[in-house]
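The feature domain 'Mucolipin extracytosolic' is assigned by TrEMBL to 90-276. For 378-514, the entry in TrEMBL reads domain 'Polycystin cation channel PKD1/PKD2'. Residues annotated as transmembrane segment in TrEMBL: 6-27, 202-220, 290-317, 347-364, 376-398, 418-440, 486-507.
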Amino acid sequence: TMKALLYPGLFILFFCTILHCVYNFCFSSVSTQDIIKEDNLRDDLKYYFMSPCEKYRARRQLPWKLVVQILKIVMITTQLILFGLNNQLVVSYKEENTMALKNLFLKDYGGVDEDDYSVAVYTQQSVYDSLFYVLDQYSQLGRLSVGSIGYGEEKDGKLLSLVICKQYYKRGSMEPSDEVNDIDAQLETSEKKLCCSVLTHIIYFSLIYIKIFHFAFRLVDIKITFQLKGINLQTVRSRELPDCYLFNVTITFDNQCHSGKVKIFLDIDTQSCACRDWKISGTAQKNRHYLLVFDGFVILVCLTSAVLCTRSIVLAVRLLQRFSRFFHENYNRKVCEDDQKEFLNGWYVLVIVSDLLAIIGSILKMEIQAKSLTSYDVCSIFLGTSTLLVWVGVIRYLGYFQKYNVLILTMQAAFPKVLRFCCCAGMIYLGYTFCGWIVLGPYHEKFEGLSRVAECLFSLLNGDDMFTTFAQLKDKNTLVWLFSRAYLYSFISLFIYMVLSLFIALITDSYETIKRFQKDGFPLTDLQKFLREQNDFPVLEESSQTDVDVRYSVLCCCQRYEHVYSHVMML
């Protein structure tokens, strides 16, 4: 009987022991898998936040992004310098031609423009003399000009005509002595086209054409337009192919004010174009091929940089998803917004934007060198902006060192507060701008337009040209003179002694906060606690104060750089 009871009991005991072992094995394996998963995630996170030098020392992998960025900086800067030197030749050619044409076609031109016009005349005879001086000089252009310039031609090779356009009031009579006037404000336009062969006879038969220019109080303006062509040979010295230019010249005799002063303007619309038939012997052609190859290599380097940065952004997003999933599964909480921003590296976006601008600028530069495009200004904007962003991106690598990242952290901490402060100060600034324009505009050249008023006030804000601004306003109108003094003194006192001081104080406060945390240590975020294997994650209370959120965000960034710096010191 005892044996009959013993065998079943032993069997049950043996079975329970096996179940217990299986249970412990299964749960221990699950726990081990969780630990391995957590360690792998932690290692990946630590590697992601390492500097390029740390990554090389940790896994002996060459930091390709750093190498590409250094190579890109050198190549883009070299490309910018080469294009800038060529662009200076183009701009100087346009400016010097403008000055040459003013001296050729404007009678008694002194070499310096008065305000926005070139010459002013005050008598009817002076108007006639200036008009016929333009025609005479145009007819003798080939014998007078020392530059490579000639008449414009149509597609069939025929010379373009010079166009004279007169605008005047339709009808009217005026007797200033009797204060009587009768005017029809509707404008009429008469136009006359003259070819070069006719212009040679105008000098001898000017009385026939005097009715075209008959000066009367009804005259509003006279415009003389013609087209010239020129070739820029300066680029040949820099081993570049020359450019051809079209100069659309407009000479305006402005009598709109009817004040007894006729202003003469000379405006030139310069358009560069590819020469139809050119043959250059020497090294210019070979040099063009070398530059095209260099620009192509720049495009290749920028494409490589953009691909590497895009790959890093994709990997960061995947790493963020892993970290968020792990936090939710193990701690039942979400990753805070500031920790999420740590994964979204804005420097990569900056590099990608600069790469795209550099690629577009390089393509435009290649087209310009091949004489397919002539958009020098557009190309310079793309290349200049890309170079600016490339050099700004260098700050990212300096930020890995604690003594060099103060500027980045201070700007990040102060930017939201400075932006809100500028919005408030900007309202006051706009008020002063509109007030100065409407009151002082008719009496002061620095207040003639809204943009000029804003520029003048900004220079006063920086303490520049103060006495000149006060002295240029004459005291002919006592009321306006008194208002100008109250206006200028109040603006300078308010913005220099109060607004500018508060602006500097905001930045100084952020700087002192960063220095204090660098000295005493930064509060740990959830991400930093996880990296340091501190798994106590208290529930954070939401704050309604924006400044607290901004400071916490800055502290996350500060803690990240402190973590990287500690790794550098240990290595």
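Glycine too: its Cβ is placed from the backbone N, Cα and C atoms.
Residue counts for the domain 'Polycystin cation channel PKD1/PKD2' (378-514) under DSSP, split into helix (H, G, I), strand (E, B) and coil, are 114 helix, 0 strand, 23 coil. Using a Cβ-Cβ cut-off under 8 Å and counting only residues 6 or more beyond its ends in the same chain, the transmembrane segment (347-364) has close neighbours at 69, 72, 76, 79, 295-296, 298-299, 302-303, 305-306, 309-310, 312-313, 373, 375, 378-379, 381-383, 385-387, 389-390, 392-393, 396. Counting residues 6+ beyond its ends, the transmembrane segment (290-317) has Cβ neighbours under 8 Å at 48, 64-65, 68-69, 71-72, 75-76, 79, 82, 343-345, 348-349, 351-352, 355-356, 358-359, 362-363, 365-366, 369-370 in the same chain. Per-residue confidence over the domain 'Mucolipin extracytosolic' (90-276) averages 78 (mean pLDDT, predicted model).
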